[in-house]
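Enquirer: Below: one structure in structure tokens.
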Amino acid sequence: MAHIFVYGTLKRGQPNHKVMLDQSHGLATFRGRGCTVESFPLVIAGEHNIPWLLHLPGKGHCVAGEIYEVDEQMLRFLDDFEGCPSMYQRTALQVRVLEWEGAGGPGDSVQCFVYSTATYAPEWLFLPYHKNYDSEGPHGLRYNPRENR
């Protein structure tokens, strides 16, 4: 089992969360809420208003999200779903635990895999940086789901 940190459309209440619930993809168990220990730019970009965590540690904000425990089958599914390694890259980072469900929490922080990108258009650096993504947020950039494209 591995921990993953989701900050965008895979979070509860967001457009792609349904894939986290579909056990045909593998197992994903919600463990808690957290935020990245390091700051990163989280931008909304492209014609489909996709949230992107730019792999630029030290810039932007500590990004809020959710921590899941996933099995190997779900991890492989998510790699494919996130277009890893061409669109996003899966890297490990420390996540500060804000809330944990169940006994035996990991302590102050936990190492998680996250899908971020080091390949992006230069103008993305000038987009607004977000702390907490919500497709319906005040930014007005509603995510366009794959099934609508």
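Cβ atoms here come from the backbone N, Cα and C positions, even for glycine.
On a predicted model such as this, the values are computed, not experimentally measured, just so you know.
According to Swiss-Prot, the protein has these features:
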ACT_SITE  E82  active site, proton acceptor
BINDING   Y7, G8, T9, L10  substrate binding site
Enquirer: For Y7 (substrate binding site), what residues in its own chain, 6 or more apart in sequence, show a Cβ-Cβ distance under 8 Å?
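Expert: Counting only residues 6 or more apart in sequence, the Cβ neighbours of Y7 (substrate binding site) under 8 Å are L42, P51, L53, V63, A64, G65, E66, V114, Y133.
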Enquirer: Whole-number answer please: how many Å between the C-alpha atoms of L10 (substrate binding site) and the residue listed as 'active site, proton acceptor'?
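Expert: Cα to Cα, L10 (substrate binding site) and the residue listed as 'active site, proton acceptor' are separated by 10 Å.
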Enquirer: Beyond Y7, G8, T9, L10, what residues of that chain have CB atoms within 8 A of the centre of the substrate site's CB atoms?
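Expert: Apart from Y7, G8, T9, L10, the close residues are V6, K11, Q14, N16, P51, G65, Y133.
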Enquirer: Once the DSSP letters are reduced so that anything not helix or strand counts as coil, what is T9 (substrate binding site)?
Expert: coil
Enquirer: Taking the Cβ of G8 (substrate binding site) as reference, which residues of that chain separated by at least 6 in sequence fall under 8 Å from it?
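Expert: Q14, N16, L42, I50, P51, L53, G65, Y133 - these are the non-local Cβ neighbours of G8 (substrate binding site), listed in sequence order.
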Enquirer: From the Cα of T9 (substrate binding site) across to the Cα of E82 (active site, proton acceptor), what is the distance in angstrom?
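Expert: That separation, Cα to Cα, works out to 11 Å.
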Enquirer: Which chain-mates of T9 (substrate binding site) that are at least 6 residues away have a CB under 8 A from its CB, listed by sequence?
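Expert: Sequence-distant Cβ neighbours: P15, N16, H17, I50, P51, Y133, S135, Y143.
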Enquirer: Quick check: in three-state DSSP terms, what is E82 (active site, proton acceptor)?
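Expert: It is coil.
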Enquirer: With every protein chain in view, how many other Cβ atoms are within 10 Å of the Cβ of L10 (substrate binding site)?
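Expert: The answer is 24 other Cβ atoms.
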Enquirer: Taking the Cβ of E82 (active site, proton acceptor) as the centre, how many other Cβ atoms fall within a 10 Å radius?
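Expert: Summing over all protein chains shown, E82 (active site, proton acceptor) has 20 other Cβ atoms within 10 Å.
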